[in-house]
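Per TrEMBL, these features apply:
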type: DOMAIN; residues: 6-397; note: domain 'Major facilitator superfamily (MFS) profile'
type: TRANSMEM; residues: 36-54; note: transmembrane segment
type: TRANSMEM; residues: 75-96; note: transmembrane segment
type: TRANSMEM; residues: 102-119; note: transmembrane segment
type: TRANSMEM; residues: 140-160; note: transmembrane segment
type: TRANSMEM; residues: 166-186; note: transmembrane segment
type: TRANSMEM; residues: 220-241; note: transmembrane segment
type: TRANSMEM; residues: 247-268; note: transmembrane segment
type: TRANSMEM; residues: 280-300; note: transmembrane segment
type: TRANSMEM; residues: 306-326; note: transmembrane segment
type: TRANSMEM; residues: 347-365; note: transmembrane segment
type: TRANSMEM; residues: 371-389; note: transmembrane segment
Amino acid sequence: MIARKYWLGAALSLLMVGWGANQFASLLALYRQEHGISELAVTAMLGIYVLGLIPALLRGGSLSDQRGRAGLTRLALVLAVVASVLMIGGSAWLWLLFVGRFVAGVATGLAMAVTTSWVKELSQAPYDDAAFSTGTQRGSLYSASGFMLGAIVAGLLAYFAPLPQVLPYAVHIALSLVMLAVIRALPETLHPHRQAAHAALPTKDVALSKRRFGRVVGPAAPWVFGSVTTGFAVVPAFMANYGVNRLLYATACVALVQGFGVLIQPLARKLDTPTSARALLVGMSTSALGLGVFALAMWLESPALGLLASTVLGCAYGTLMVSGLLETQRLAPVGQLGSYNGKYYTLAYIGFLGPAILAFVGIWLSPWWQLGLLAVLLSGSIVAVALNSRTALPRTAD
């Protein structure tokens, strides 16, 4: 008898929330062209997304540890639909774009903290017989695929189809409503015995987990989305001055960042080891390489090298996403998986503020100084993780 793949329904709901969150990325150039809004206003829309996302990550993860994954996943998908409806309204009333981005942030925060935990739990006994890291990779792979598909589909529809400020969101709404019906049949994975097991966990192990999380995961996490937003927002913004079609170039950057972020994940999983932070260090070093290629692209005024920079940054993003999640889920005490996932993604999404911060400091600093600032911050993070690579290792790594 073939086992029912419960995890797939949860993973597809995660994909649809990610789709809704990132379709906006390919439409940034369209909003600049059609509405004449400033670079600072556009990047502020990225920032307000984070304002909705972080509280949902922190509260949603711990709440799901207490009350379950299924109901909060359904809520995340409903909010993703509401966000797309608001974004459609933004074609007439621009202020709705800001509201829509905030709601999309809440939806994504819930899904990242809650649904990734649900996918992992549905990927292990008694629902599946997959290995420890399989559920983690499934969650990471489907969320990254959602980010990729949302951006690519939205960009292509906006360029080739009618109603460019409506149709991309309408497609997302229709598919999300289908997924809402699908996930109603999925089982809840949270059971009372988990809380009892957590209460019996030795305090020393919890303290070790917190120490390693703070010293290893903490410095690396912001570069997950720091890499991806540099690739799909900062690179096309700078390269737009060199005779490229803004919308198509931005869509290409998003496709490369997200596409290679997905493709690299099986390799990133193989790099991971419970005995050190090797995979995280490889991911951050790849991000540094991407910044170097971007600097060369600016120096040579080469849009083609800009695309290569986005590709390398996408590889960094995928490597950091998988390795950070694996590290986090090894450290999570029993009964606190959702909470730890929420904390991890909260730190990761700090990097999402990168374009807004660069747009702000760009008032005073040239692009070269901005890139130098990123390089200094990234170098400091690499050193911090390297020094603590073998600090407070978990006792077991199943």
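Every residue, even glycine, has its Cβ placed from backbone N, Cα and C.
Panel annotation: around the transmembrane segment (280-300), residues 216-217, 220, 223, 226-227, 230-231, 234-235, 238-239, 268, 271, 306, 308-310, 312-313, 315-317, 319-320, 323-324, 327, 367-368, 371, 374-375, 378-379, 381-382, 385-386, 389 of the same chain, lying at least six beyond its termini, place a Cβ under 8 Å from a Cβ of the stretch.
When Cβ-Cβ distances under 8 Å to the transmembrane segment (306-326) are tallied for each of 36-54, 140-160, 166-186, 220-241, 371-389, the top count falls to 220-241. Only pairs six or more apart in sequence are counted, and the transmembrane segment (166-186) with the transmembrane segment (75-96) gives three or more Cβ pairs under 8 Å, enough to call it a contact. Non-local neighbours of the transmembrane segment (220-241) in the same chain are 25, 28-29, 39, 43, 46, 147, 151, 249-250, 253-254, 256-258, 261, 277, 280, 283-284, 287, 290-291, 294, 297-298, 303, 306, 309-310, 313-314, 316-317, 320-321, 323-324, 344, 347-352, 354-355, 358, 367, 374, 378, 381, 385; each lies 6+ residues outside the stretch with a CB under 8 Å from one of its CB atoms. Averaged over the domain 'Major facilitator superfamily (MFS) profile' (6-397), the predicted model has a pLDDT of 86. If you look at the transmembrane segment (347-365), the same-chain residues 6 or more away from its ends with a CB under 8 A from one of its CBs are 39-40, 43-44, 46-47, 49-50, 53-54, 57, 217-218, 221-230, 233-234, 237, 321, 324, 373-374.
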